[in-house]
Amino acid sequence: MIVTFVALALSCCTPQVTADCGLRPRLQSAIITGRIVGGEMAKLGEFPWQAAFLYKHVQVCGGTIIDTTWILSAAHCFDPHMYKLQSIKKEDALIRVADLDKTDDTDEGEMTFEVKDIIIHEQYNRQTFDNDIMLIEILGSITYGPTVQPACIPGANDAVADGTKCLISGWGDTQDHVHNRWPDKLQKAQVEVFARAQCLAAYPESTENMICAGLRTGGIDSCQGDSGGPLACPFTENTAQPTFFLQGIVSWGRGCALDGFPGVYTEVRKYSSWIANYTQHLLQDRNADVATFTITGDPCSSNGSIISGSEGDFSSPGFYSGSYTDNLDCKWIIQIPDIGSRIQLSFTEFGVEYHTFCWYDDVKVYSGAVGNIASADAADLLGSHCGMNIPSDLLSDGSSMTVIFHSDYMTHTLGFRAVFHAVSADVSQSGCGGIRELLTDHGEFSSKHYPNYYDADSICECFITAPTGKTIELNFLSFRLAGSDCADNVAIYDGLNSSYPRIIRLCINQGFNVTVPSSSNTMFVSFKTDGQVQDVGFEAYYYFSSNGNSTDDTDYSQCGFSSTPINADQTAARIVNGDIAIAGSWPWQISIRLCDTCNHYCGGSIISPSWIVTAAHCIESSAHITYIRAGDFDRFTIEISETIVPVAQIFIHPDYQKDLPNNADIALLKLANPLSYSSTIRPVCFPSQISTIPEENAECYVTGWGLTEENVMAQKLREAKLPLMPYDQCLNVYTSYVLNENMLCAGNISSGIDTCLGDSGGPFVCRKSRNDPWILYGVSAFGRECGSSRYPGVYTKVTRYIDWIIATANVSTVTSVVEEHDPTEFEQGCIQLLVLSNHEGDLSSPEYPELYGEGMLDCQWKIVLMDRTKSLNINFRFSHSQQDTAAACSLANIRISESYSDGTVGRQYGPYCGSSESILISSLHDLVVSLHNSQSQVKIGLKLEYRLEELEQSGCGQLKHLIENKGNFSSINYPNIYSANSHCEWYLHASIATHYLQISLSQFSLENAYQCRYDFLTVIDVTENGNISHGPYCGNSIPHVITGHGLFHIKFRSDASLNYKGFFASFVELNERPQEESGCGGVKFLNGTNGTFQTAGFPLAYEANLDCTWVIEVEDGYKVRLNFQQFSLESSSSCKYDWAMLYNGEFAFEAQRIDTLCGYDVKLEDIFESTSNVMRIDFHSDFSFNKQGFLAMYTAVSPGSSRSSVHQRENHLQEKRSGGCQDSIFTDEEGVIEYKQGDHTGNTRCLFRILTNHLHVIRLWLRKLSSLNLHENDSIKIYDKIDVDDIYSGVVKPVFQFTGIIGYLDSLPAYLDYNGGEISMLFSSDGQHGDTSFELIYKLMQDKSSTTNPKQLWNDHHGKWPWMVSLFGSSKYYFCSGVIISSRWIATAATCNLRSSEIHIIFPEGTNPKKIWEVEKIVVHPEFKMIYNVPQNDLALIQLVDPIEHIPPVCLPVASNIYSDCHVLKIPRLAGSAAFPDIVRISSVDTLAHDICMREWHLRITDDMLCGRINGTNSCQRDVGGPLVCQSPSDDAWYFVGISSWGPKICNDNTAHHRLPDVYVSVAYFLKWITKIIQ
């Protein structure tokens, strides 16, 4: 394929391109992702045709340069009616070009011209905007340059295609409905051209002279002030370099960036003749030189492309569609005709996945023609580039140059576009592969060959020149020089050459992350090396900055505002696949790092120059957090705006994790150095303590670099708009999590908006309107299932901790916002102080009894209680013009709160709305009554009456109503004998209705009687779903602790005789329900796929007077199946003494009762099943005849394997299973189902179930790898997606069955496939033969065509790998593997994060596989470290306390041996099996040569590593430490060749990542060290 590109085309079907229009010679921009409405700033020279139309020195419109004396714009820009003027004069108009920043008159190429003439189209219609076009002729002539160029004018037939992506630019309104909020800097955006039919659908009034452009979902558009500006579209049919044509002029539209309403543009091609008529020569050929070059071949084929010509351009695949793809290897060989010249290569746009050494994706540039990387001469490498910074220009040594582009298997970005041209051989060269003089406003350069080693005895010099008035800052992104005597060094001078003062000299690794500023506008950099050892060198980034005399007077310390607007509201914006934020739009966002070069770990928010607020859980497990990065946007790029600051101190809230998990999950970081505020580094505001949650109509966002999909962290800062979820709704969602009032929830459970790991500690901010500041309401704490559509994110509520923050961080350094409305918005004079000297009174809202409807209303009355011995009875009627909905209540309501003497707020009541209420308040404090209405269209009214009353008594010497956080109550006369005929009542009130109360009785002695019929105590838990009664209690047994909701009604009665000491009780208010261990007196919550619970004391007799509750919750979509392993309660015909009641759901509703059980009639075969995913079990015992109780087992079952009936009790198992064989459920992707007769006796029936996604096929192996030893009366029956009860009852037939198979495996099929996603296997045996056993292997397949090499499945011969070791934590969780290398030493990987006090070791295939071996000490290789998440020297040795006997060690490798038949070994994790598995998995491995491995992993491989490709799969993290063993043909012995260390980011994917091998530690490399340690 040969494609010839010509800058002038004369085809009737393609645009006529003149040689000097539509080009961007100074282009330095990245891909456009923003918008003008909330848009992204343009770069210098990115829109060289852009002009500004000023009237009386005020910019009112845009325009487009089309010639040296002509500007094209919209006619309505010079229409006096648009400005409500009688007339408008051209003498008051100006044209300005190359104006990037309106506040800076020194923009490169900026020129201002007076207007000579204005020509408005003769048929312009101001009502319809038809023919909205005008020509402006200027006085003088525009001088073209890098930042000033004309746009091309299309011909009459050159219509732009539907769907074409075009660019818009301007200084217009950046936020719709907030007019005159125009930016100072030129904005840009990318839009899509709509089809004519779509345009008419949005605007039926549009004419044929108009086109529409925008986004389908809105959010991107031009706006007021952009009028007259360009819609520039690229023409790329025959050229890789786009030439831009002016296809449209910004004209009109409905709103700005609204969904369904694109912008409307005057279609320029319809006026080409009209333009030519006035400009005459404009469309004629300008007789410019025509540049021609050819491209031969596909760059991504094996041979690559050849580019021939004196100048031209090319780009990476997919560049113009926005992104390259994975797994690319592309090559361009550039050849210029003049063999005496050099090639200068310039990147105009650049965006490649970043790594310090460009290990992932990169662009390599070589001098000369290179066939392939493997054969390339390292000396020819000019540089290897990645990241988002544009590299500086590169120079070849001769007339040819090679560019090689590689991408790995994941994370792709924009790509690049490059231009080249021939230059003279005497062009000044830096010695680093590029030009010597650097003039662009920012750029990147490196030592020659970087990241390969630089040359010996070399000199690299370059000088950087900034415009007058600017200075230069140089930052080293990477720096590593050889030698210890500074013979290799980088010297930096404050001037044009080395004769100027030297700023600094850097050597070894001194330059890493160092920023070097100049004091003038020039800087000279000199890199010199000696003839000894070399290293990788350096990579540097420079930029121009202000010299400190800036006139910017912005107060960046003002909290909650950003200098850059955020993206306009998006529907379903989310961090999980969410919106990329605009750089600088969230200036308080910071990134927490474990080290100055480490990856993002957690988020946080700036609250003052020296303080950061974040989540405590980010800090507790990472004591080495030492740095924060502020002003960051792209994690992979060192940006001008960002700064790294060390952390001096960490403060975790003292209540963190107190009482419940995730409580008080908040922490403060004090910085070692204060931050300097700027446009990208600013503080966020605090809410007032009164406003605990955002207002109903506030817009709220969460930001961060969290996971965009499972395990993929965002490269650029993302934002998501989240709705606040009501607390009670959040409680209903998180039924198995404990929440409290210190938390708030946000997210949309219907659309899956959420944050993920990595966003932890980040801000949840809200604002009331676009003119208001952003306020920090939440700190990202936790959630369930990243991006789940069912669970919102949970945030620490900041208002709960403001006092602590201010006290810790010093009130003078923290900015806070008290949310107050503009006083002019509300009714005045509605504040009143009421001193209650009379016993009763009233108050009312303005104009009562009429509803107040003249605007928003905020009223406040303070009621001062003069008589503290009385209670206040309040009755009020609150009228509301809207229905009583949660939304309406949040807008208009009444609240009552206690006011303490120190000015703080105590217990709060409300909000109340749309109802009549009667409240009895027993308070010793003053009260504040607040009436609030925040919407003018809502009418409200209030009438409140109050009356002082004597405090009501309980009858036992205390008040009847107890409203304290904690307290006591007791029987009358306690501790003396209580009175006869006592009648006492108490109401215990929680201060907040959603809190819980807990009662503990420390003394208890009442008359004992059957059913407590004489003296008794009853506790009633009053809930909105019904009352829950505890008791009655009597006798001398102290009842268990009782926990309930926010209101307890307590009754004590005594009869006329036999009075005792009585009782003493304490109560306390809790923020959340505690987890009861026994379930007695409260609720024990259980979850998971299976589990057990039992009555207290089981198998001994339970206690008297128990009330126990268990609530079981399993995953949504599953049901709870329950059976009792043992059951023994007191028996009665109606179960009226001791009983167990089973309910559907969390509450004990009679209509949801499944059954009531007692006595001995519950059998093992009885099955009880819920209709939903929640089941409740209540257990009660009376005062006598206590039995053994019960042991219950529950299992989560899918609806497809369960019955629909509520009560399963009649579905008995037909035969009792014996021998201790229990049902097992397998959910892993692969596993082994095994049985050994020696573990069981007698008749045995075992059920094994494999449950998986219905999209999977379950493959069951029956041959070769299977072990079947079944006798005549032994059988295995396989059922495909059949109800378990039907299997046991025998009402269905199996789909496959085999029996009596001993040594006849070849008669069976190789494997069986089942499509249902669920199979059950019923094994039956009479137990007569002691050698009955079997092993069956299964694996989940995507479809039936999937194939798997059997070598990667479980090994079928135990004992073959006796030296294989499993490493378990103290909780018996398997985390790593290892291998025995001597009688007391085990080798494994250092990345296992070993701690001797927490490791237990077993040998799965040893003589005693269950024995646990203790650890004496651990020796980690002294040079073990992580370099950019890649482990180096990943080896550790474990010494055992006792020597290993009867197990030979593995053979260590011999250097002279040649190995074949290599395998990696692994200990599997099997569901339903013992905690310590006794089986080893084996997978065959094809080892790779070291150079191939280096190329595959792109230089990440070091000499201590080996590579191998596992047949059919990859290792996962749980394989770490496992051995790579190979057999020697000479002696058939197995040799320990490698240790599983690391590999692809995503495992078990046989397609996308097949090119990348796994990486192992080379044991041979460390033989000397190993020998030294173990000897």
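Here the Cβ of each residue, glycine as well, is placed from N, Cα and C on the backbone.
What Swiss-Prot records for this protein:
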ACT_SITE  His76  active site, charge relay system
ACT_SITE  Asp132  active site, charge relay system
ACT_SITE  Ser227  active site, charge relay system
ACT_SITE  His617  active site, charge relay system
ACT_SITE  Asp665  active site, charge relay system
ACT_SITE  Ser760  active site, charge relay system
DISULFID  Cys61-Cys77  disulfide bond
DISULFID  Cys199-Cys212  disulfide bond
DISULFID  Cys223-Cys256  disulfide bond
DISULFID  Cys358-Cys386  disulfide bond
DISULFID  Cys486-Cys507  disulfide bond
DISULFID  Cys602-Cys618  disulfide bond
DISULFID  Cys830-Cys859  disulfide bond
DISULFID  Cys889-Cys913  disulfide bond
DISULFID  Cys956-Cys984  disulfide bond
DISULFID  Cys1080-Cys1108  disulfide bond
DISULFID  Cys1135-Cys1158  disulfide bond
DISULFID  Cys1376-Cys1392  disulfide bond
DOMAIN    300-423  domain 'CUB 1'
DOMAIN    432-545  domain 'CUB 2'
DOMAIN    575-810  domain 'Peptidase S1 2'
DOMAIN    956-1070  domain 'CUB 4'
DOMAIN    1221-1341  domain 'CUB 6'
CARBOHYD  Asn277  N-linked glycosylation site
CARBOHYD  Asn303  N-linked glycosylation site
CARBOHYD  Asn513  N-linked glycosylation site
CARBOHYD  Asn549  N-linked glycosylation site
CARBOHYD  Asn748  N-linked glycosylation site
CARBOHYD  Asn810  N-linked glycosylation site
CARBOHYD  Asn968  N-linked glycosylation site
CARBOHYD  Asn1027  N-linked glycosylation site
CARBOHYD  Asn1087  N-linked glycosylation site
CARBOHYD  Asn1090  N-linked glycosylation site
CARBOHYD  Asn1273  N-linked glycosylation site
CARBOHYD  Asn1511  N-linked glycosylation site
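Measuring Cα to Cα from Asp132 (active site, charge relay system), the recorded positions that fall within 10 Å are His76, out of His76, Cys358, Cys507. Long-range Cβ proximity for Ser227 (active site, charge relay system), meaning a same-chain Cβ under 8 A and a gap of 6 or more residues, is found for Val60, Cys61, Gly62, Ala74, His76, Cys77, Gly172, Val250, Ser251, Trp252. For Asn1027 (N-linked glycosylation site), the nearest of the disulfide-bonded residues Cys386, Cys618, Cys1376 in terms of C-alpha separation is Cys618. Following the DSSP three-state reduction, the secondary structure of Asn1511 (N-linked glycosylation site) is coil. All chains included, 27 other C-beta atoms sit within 10 angstroms of the C-beta of Cys77 (disulfide bond). Secondary structure of the domain 'CUB 4' (956-1070), assigned with DSSP and counted as helix (H, G, I), strand (E, B) and coil, comes to 3 helix, 60 strand, 52 coil. Here Cys1376 (disulfide bond) is compared against the active-site residues His617, Asp665, Ser760, and the shortest C-alpha distance is to His617. In this structure, Cys1392 (disulfide bond) is part of a helix by DSSP.
Comparing Cα positions, Cys984 (disulfide bond) lies closest to Asp665 out of the active-site residues His617, Asp665, Ser760. In sequence order, Gly297, Lys331 make up the list of same-chain residues 6 or more apart from Asn303 (N-linked glycosylation site) whose Cβ falls under 8 Å from its Cβ. Of all the disulfide-bonded residues listed here (Cys486, Cys1158, Cys1392), Cys1392 has the Cα closest to the Cα of Ser760 (active site, charge relay system).
Within 10 Å of the C-beta atom of Cys199 (disulfide bond) sit 21 other C-beta atoms, taking all shown protein chains into account. Put simply, Asn1090 is the one of the recorded positions Cys199, Cys486, Cys859, Asn1090 whose Cα lies nearest to the Cα of Asp665 (active site, charge relay system).
Closest by Cα distance to Cys212 (disulfide bond), from the recorded positions Cys507, Cys602, Asn1087, Cys1392, is Cys602. Around the Cβ of His617 (active site, charge relay system), the same chain contributes Asn662, Asp665, Ser760, Ala781, Phe782, each under 8 angstroms and 6 or more positions distant in sequence. Helix, strand and coil content of the domain 'CUB 2' (432-545), in residues and according to DSSP, is 0 helix, 57 strand, 57 coil. Note on the domain 'CUB 2' (432-545): mean pLDDT across this stretch is 84. The residues of the domain 'CUB 1' (300-423), classed with DSSP into helix (H, G, I), strand (E, B) and coil, number 6 helix, 59 strand, 59 coil.
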